Amino acid sequence: MGKLCTFLFGVSLTWKTLKYAYWQLRWQLNKRKGEKALKERNERYRGREEELFGPVDKELEIIACTIEGLRKGMHEGHFTCVQVIKVYARRCYIIGRDLELSGDELYEQAIEEAVKADKEISEARANGTLDQLPPFHGIPISIKEHINVKGTLATAGCSYYADRMCTMDAPFVQMLKEAGAIILVKGNLPQVLLSFHSENRIWGTAKNPFNRLRSCGGSSGGEAGLVAARCIPFGIGSDLGGSIRIPCEFSGTFGFKATSQRVSTLGFNGVLAFNEVQSQSGGCIRSTLGPITNCIDDLITGMRVLLHPQANRYDPFAPPMPFKEGAFVKAQRPFRVGYCESFDTLPASASARRAVRLAKESLERQGFTMVKFDLTAEQIAQYRDVMTGLVGNITGKHIMNALNSNHEKFIGQYNAQMSLLSYPLYVTGLVRLILRLTGNARIVNNIRSLKKLSEQQITDLKHLQTKLYLEMKEKWDELGIDALITPNHPIPAFLDSGVNKVGMLRDYQFIWSILHYPAGVMPMTLSNQEGDLTYPADGFEDMWTSNIRKDLASAGNMPVGVQVIARKWEDEVALGVMKAIENGLENREVIRPAIGEEVAQ
């Protein structure tokens, strides 16, 4: 009997060793696949730089233009579409690669399309029909890396997907192309798209154009960085829990998370073939998309195109609900708007509070009535429970299984989150006990739903989500508000090295994701005034407080924005309020990174 037990133990050990060795071998092959994809991209245009990206005399003038300015310049013959494309392609090639902001590139194809666009402009000028050219005619744009663009890679930051080539365009990409847009590059993102920091093993770590030691945010970090660095005038990102809003805050750009379901999201290539938490046919927390730009007018132009009057002809899940011009115009006239400078659960820094005050004062000067808005700590905790519990258990666990079955390791920033979902409850319970005993009860409360949940517990969270929908509607009705201004993030962009320390400060974003409310972000100020780099007593004095103080101490001259929220389906109201804020600002602060001017010399 003893010999049999020894034999069976040996067989089991040998099998596990072989299985482990095979997994590691496949993992090494996947890493090489990712390295190959990067090498092929980097060598694709080598030796052809002068032909494709030759210097253009009017580069600084071109990159200072809005979309309307680019259209006017091309229509009046001040510069050509080919010149515009070459300017932005060169900046993507030099700055975008240096800051690791881009994924796949389409420079040669873009220049061919620009040649056609110039011919169309010449014909329209001769025929007197320039005003009939579509709104994005000849405008270079970028698309987030995981989205279907025919002939490009969509890896979702995963090495095992490093050869996943898109064979068709996403429906909304078709809309943008029909509007005349020319796709130049795809923007970098985090592995599996579940982070506020854009890092993966294929395209690298997106670096902030304001300070390359700081994060671009995530998951649309590459997009926001490309726009901020004037590598592109317009980008498309996606947002589940803040993935457009955080990168735009960190990079000093304008961004908009459209109402979930109002815009097409077919053509997202994530890690899972079917993602129940955000599925088109009934997901509880839906990812959505939106534009990223350097000015409010370009943001509005982008939303007009994305809210296509025949969207259902492209995507059967998208409603034919075009942009409501009347609602947009009306929202720029005085009405009741809520405002909140800080949540008690995660107090905002001095610069974040100042950003809200600047927006509030801008509206007040125009006659808007500003109404104070707040949520209790327990209310915020309920929203947090829904977000972490549902995304973690419905998406997170399946992503863990997908990566394991495809022989890929998570990058380091996910280790803590995935451990809470995979370890036995007695282990995670011990971790929570230690945190609580060491004065970190706030952190425990933030992760109390980030654990394995039963089917009944998941159902209960879905029911709670419905209850929160109704409670928020009632609250807005009682206050008589149709829009709300809040901080977008409690501190400016965190250090790359701080992602595991201050990369989960999400209280200001996930509420509106759970409710599917539209939300925009706009830059308001820089962290350059007295007190901006110190964090006051917050009532917790825990590990997060300490980490925030350390990170904030070196966050000088970084952009700080506000979030503008409207009720579900009322995207135009949020955009109208953003436009009103912009119109009412006095002595508008210049928020633009210094990087890149040397490229134009």
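Backbone N, Cα and C atoms are what each Cβ position is placed from, and that goes for glycine too.
Among the features that TrEMBL reports, active site, charge relay system is placed at K144 (among others). Residues near K144 (active site, charge relay system) in space but far in sequence (CB under 8 A, at least 6 apart, same chain), listed by position: K186, G187, L189, S219, S220, G222, E223, G235, I236, G237, S238.
As annotated by TrEMBL, active site, charge relay system applies to S219 (among others). Around the Cβ of S219 (active site, charge relay system), 34 further Cβ atoms fall within 10 Å across all displayed protein chains.
Of all the Cβ atoms in the protein chains shown, 34 others lie within 10 Å of the Cβ of S243 (active site, acyl-ester intermediate). The annotation active site, acyl-ester intermediate is assigned in TrEMBL to S243.
Feature annotation from TrEMBL assigns domain 'Amidase' to 91-573. Averaged across the domain 'Amidase' (91-573), pLDDT for the predicted model comes to 96.
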Through the lens of DSSP with three states only, how would you label K144 (active site, charge relay system)?
strand
